[in-house]
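So that you can see what the record holds, here are the features copied from TrEMBL:
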- 7-40: transmembrane segment (TRANSMEM)
- 46-67: transmembrane segment (TRANSMEM)
- 79-99: transmembrane segment (TRANSMEM)
- 105-124: transmembrane segment (TRANSMEM)
- 136-161: transmembrane segment (TRANSMEM)
- 167-185: transmembrane segment (TRANSMEM)
- 192-217: transmembrane segment (TRANSMEM)
- 237-256: transmembrane segment (TRANSMEM)
Amino acid sequence: MLPEPTILAVLIVIAFLSGIGITAVGPGGIFITVALFALTDVSSSVVAGTAMTTFVFTGILGSLTYLQSGELRSSSGRRLAILVTVPSVVGAVVGALVNTILSDGLFGLMLTGFTMVVGASIVYRERQGIGSKWSFRADSTVGVVAFGTLGFAIGVLGGLLGVGGPVIAVPLLVVLGVSMLNALAAAQVQSVFLSAFAASTYLLQGAVSIPLAVAIGVPELVGVVLGWRVAHHIEPARLKLALGGVLIMAGVALLLP
C-alpha cells in the first residue's frame, strides 16, 4: 500500500536526493530510512526491509559507475571491497534478525541517535579539518583484520537499523586512511551484498513493501548516477558539511512528536 500522493511525492524527492548522497559522499540512504519511519505508518521492520531492498539496486548501479571510472579496476580497490563486504554479509543477517525483536519505540530511538551521531561527527571532522591518524594497507595482516572487523560491524548496524553500508563505511574507511573515491567505491560493492542478505531476511518475514520499494527506488537510482558525477567534479568537503547538518536536523525531526 502506497501513502497518499503528497507524502509519496515528498518520499520521491527525498529518494532522489538520497541517491545523490550515496555515491557522492556515502551517507545518503539513511534519509530513506528516516523518511519511511517518519512519514509512513508501516512497522519498523517494514521500514528497514523496504529501505534495504532499494539499497541492493543502488549498490549495483553505484558499483558499475565506480567500475567505469576505474576505482574498482585496480587490484587494491577490489581487495578492499572484498575485505569489507564478506564479513558485512554475516553482520547484516545478525542485525536483521535482532531488528525483528525490537519495539518501534526502541528502533526509533536507535535510529535517531545514530542519525545525529553520524551527522555531528561529519560536521565536526570537516570543521576541524581532522584527517586520518591511521593508514592501513589492504594487503597487510593488520589491514585485513581492521577492514574485516569494520565490515562486520557495518553489517550489524546496517541490518539492524535499515541503513545502507556507505553511511557507515565511507566515513570510517576515510579515518583508516582510504581515499574518498576508493572508500565510496568499496562501499558500493559492500552495499549490494550487505543489503541483499538483510533484505532477503526481511522478505522471508514479510517485512518488505514492494510497491513502496519501487516507488522510491527509481528516483533513488537516478540520484545515484548524478551523485557519482558530483563526486568526480566537486570538492566533497562542502557536500559533507551540508550533509552532516541535514543528518542532525533529521535526527531532531525524529525527536518531535
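Backbone N, Cα and C atoms are what each Cβ position is placed from, and that goes for glycine too.
Of the ranges 7-40, 79-99, 136-161, 237-256, the one with the most Cβ pairs under 8 Å to the transmembrane segment (192-217) is 79-99. Counting Cβ pairs under 8 Å to the transmembrane segment (7-40), the top-ranked stretch among 79-99, 105-124, 136-161, 167-185 is 167-185. Counting Cβ pairs under 8 Å that are 6 or more residues apart, the transmembrane segment (237-256) and the transmembrane segment (136-161) reach fewer than 3 and are not in contact.
Across 46-67, 105-124, 136-161, 167-185, stretch 136-161 shows the highest tally of CB pairs under 8 A with the transmembrane segment (79-99).
For the transmembrane segment (136-161), the neighbouring stretch richest in Cβ pairs under 8 Å, chosen from 46-67, 105-124, 167-185, is 167-185. Sequence-distant contacts of the transmembrane segment (167-185) (same chain, six or more residues past either end, CB-CB distance under 8 Å): 23-30, 62-63, 66, 69, 71-72, 76-77, 80-81, 84, 118, 121-122, 125, 132-136, 146-147, 150-151, 153-154, 157-158, 231-232, 236.
Note on the transmembrane segment (105-124): residues 27, 30, 33-34, 37, 44, 47-48, 99, 130, 157, 160-163, 167-168, 171, 240-241, 243-252, 254-255 of its chain, located 6 or more positions outside it, place their CB under 8 angstroms from a CB of the stretch.
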